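In what follows, a structure is listed as structure tokens, so that the remarks can point back to it.
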Amino acid sequence: MSKIFVNPSAIRAGLADLEMAEETVDLINRNIEDNQAHLQGEPIEVDNLPEDMRQFHLDDEKLSNLGEMVRVGEGKYREDFQMNEGEDPNLLFQSYLDNVGVQIVRQMRSGERFLKIWSQTVEEIISYVSVNFPNPPGRSSEDKSTQTTGRELKKETTSILSQRESQPSKAGMVAQVASGPPSLEWSATNGEDDLSVEAEIAHQIAESFSKKYKFPSRSSGIFLYNFEQLEMNLDDIVKEAKNVPGVTRLAHDGSKIPLRCVLGWVALANSKKFQLLVEADKLSKIMQDDLDRYTSC
């Protein structure tokens, strides 16, 4: 009788798939419960209404009065919705920014590049501010008197940022402890730190948030892992990803970033489960190969 041998790595990969499937089912069930929360209340039946309410009827005179009340209520609603001239214009600006954010998300879903969307959005915001927040008369002398203070604050902020950048990040410390090769220069090519770079990194990570990547396991096999299993906020993932050498430069140029390397970096610093599963030496070599391949393109 022939025997069938099963590769242990295939079993582990199957178990990982089952675990991810269970997590997906739980997430779908939670979303369904949240979406149906308004249906869990007890419905109101007409038969259960008080006896007095069944006897109500409206005369023509009462109908006319009711129409006047409705018109007054509509007028009051408009007054409440519209802002008075004396109210803070910053609230209008906040509402405008909220609408801009919704528009950016829609454009990104349609497939447009974020850098192009952001450049157009910046111009629109600048024009909005210049129209709705004109400089009041007599402000020039006030601005001159505050220029020196602004420069001093800017210098202090720059010094604080330089001190923070000089300190090793949590991900870098964990990677070095995990026998990372010394050939990786952890602090190189990460000087350009602006919002457009962060947005580009976040865009690429979000596109592959549920994609599974192969990583070497301690049992001489492989296991699958993705960004969803980190259970981290996207902003926190982007902050950790910026510490990977070369990522900010690639994002600034609009090039693809090594997502498997970024995932391994962030997971090694923040996921205990990942640390228990992964073979650190092989992971370090894979991360180095990914970095070399992407930065040489």
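Note: Cβ is positioned from N, Cα and C throughout, glycine not excepted.
Residues or ranges marked as compositional bias 'Basic and acidic residues' by Swiss-Prot: 140-157.
Per Swiss-Prot, compositional bias 'Polar residues' is recorded for 158-169.
If you look up Swiss-Prot, you'll see Ser64 (among others) marked as phosphoserine, on the strength of similarity to another entry.
According to Swiss-Prot, the feature phosphoserine maps to Ser162 (among others).
In sequence order, Asn226, Phe227, Glu228 are the residues of the chain that are 6 or more apart from Ser210 (phosphoserine) and have a CB within less than 8 Å of its CB. Per Swiss-Prot, phosphoserine is recorded for Ser210 (among others), and the stated evidence type is similarity to another entry.
Residues or ranges marked as phosphoserine in Swiss-Prot (evidence: similarity to another entry): Ser271 (among others). Under 8 Å, Cβ to Cβ, and six or more positions away along its own chain, Ser271 (phosphoserine) finds Gln229, Leu230.
The feature region 'Disordered' is assigned by Swiss-Prot to 133-176.
Note on the region 'DYNLL1 and DYNLL2 binding' (138-172): mean pLDDT across this stretch is 49. What Swiss-Prot records for 138-172 is region 'DYNLL1 and DYNLL2 binding'.
Annotated motif 'Nuclear export signal' per Swiss-Prot: 49-58, in sequence order, evidence recorded as similarity to another entry.
Annotation source Swiss-Prot lists motif 'Nuclear localization signal' at 211-214, citing similarity to another entry. Using a Cβ-Cβ cut-off under 8 Å and counting only residues 6 or more beyond its ends in the same chain, the motif 'Nuclear localization signal' (211-214) has close neighbours at 20, 222-227, 259-260, 263-264.
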